[in-house]
């Protein structure tokens with residue numbers, strides 16, 4: 001007898017030997033693939049195994065739309081955010097060529113990691129959607145490709161590079177709040193540790209199955225070798241890591257907002273800049289926390305799918321974008337203060353055309369004659385006051401005095 005892995009895409013091919021194919025039950029009405037024991041035609045002979053009796057076995061497999069489809073959506077969003085990231089990087093090096101060398105190296109390191117994660121996301125998508133298109137069990141049986149194994153660890157390190165920047169700001173601004181920063185950094189390192197452990201779990205394979213292909217694996221090796229679907233049992237790691245990172249984000253965000261509000265002054269320009277910074281910090285913190293909450297919900301509620309991969313791919317790029325936007329917003333804040341100062345000094349409440357019309361219709365202002373007398377008290381002989389009169393000056397109303 002022979003074993004043959006039949007995909008739903010290959011059912012039309014197998015119609016030539018319908019008598020040897022048994023119908024198998026389906027719980028959801030669409031069975032992605034099944035392992036059927038039968039004597040196949042010679043043209044479809046795939047591999048030989050010891051003889052056994054006729055039987056039928058069904059391998060449980062999640063539908064493609066909530067596994068590979070969810071990953072594909074995450075890859076789309078990740079590529080969009082990558083384009084925005086490289087635009088922000090170009091603006092940074094164009095607007096701030098005189099920044100400190102440490103900060104510029106920091107940005108370059110972050111770009112290297114982000115480029116590598118983009119390559120891994122694209123390679124994973126191409127490998128499982130194109131290269132292994134006809135291998136129905138590639139997602140659940142074959143060992144994971146190298147890009148899937150490295151992506152969780154490298155992606156978490158990228159987030160660490162971005163988060164250290166914001167934690168460093170709080171560390172510099174206030175020495176009293178450094179314990180809060182230390183706790184947040186411990187949580188961020190815990191987040192990285194969870195995903196590095198996931199990468200290790202996907203990368204460490206048995207030597208006999210490390211380079212195995214679908215046709216070379218025996219039936220026993222197929223169910224012993226780690227695969228992408230082995231992440232189904234690690235969904236709790238995703239939930240814990242996202243929750244830990246969300247707490248760290250909330251700590252850093254709330255601390256930054258507290259420091260900015262404490263530095264408010266009576267000057268309108270300074271307060272305007274601080275209000276803009278507070279709005280930016282609050283919005284970026286809320287965005288990252290929102291996606292972490294979605295990630296926790298998806299990984300906990302649908303642990304047997306890859307729906308959480310969509311939000312995970314978005315979070316891969318979100319931290320780096322907030323980091324670069326925080327650097328590029330500095331020059332805009334400087335011009336914002338000047339604009340606020342000018343508009344507060346010379347307020348204009350009318351449209352330009354109406355303002356010109358009102359000036360044309362108003363009668364000319366009559367000059368006011370001012371006789372200004374100067375009191376000279378420089379003489380020390382007696383209490384005589386020497387008055388000296390000046391020529392009259394003509395001052396128009398509204399002129400600066």
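Any Cβ shown, glycine's included, is placed from N, Cα and C.
Unlike curated entries, TrEMBL annotations are predicted automatically.
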Annotated range (TrEMBL: transmembrane segment) out of 42-64, 203-225, 272-294: 272-294
Transmembrane segment according to TrEMBL, located in which of 105-129, 330-354: 105-129
Given ranges 3-24, 179-200, the stretch to which TrEMBL attaches the annotation transmembrane segment: 179-200
Intrachain residues whose Cβ lies under 8 Å of the transmembrane segment (272-294), provided they are six or more past its termini: 242-243, 245-246, 249-250, 252-254, 256-257, 260-261, 263-264, 311, 314-315, 318-319, 322, 325-326, 329, 333, 336-337, 340
Paired segments the transmembrane segment (306-327) and the transmembrane segment (179-200) in contact, 3+ CB pairs under 8 A: no
Best-contacting stretch, by C-beta pairs under 8 Å, relative to the transmembrane segment (236-260) and drawn from 70-93, 149-167, 179-200: 179-200
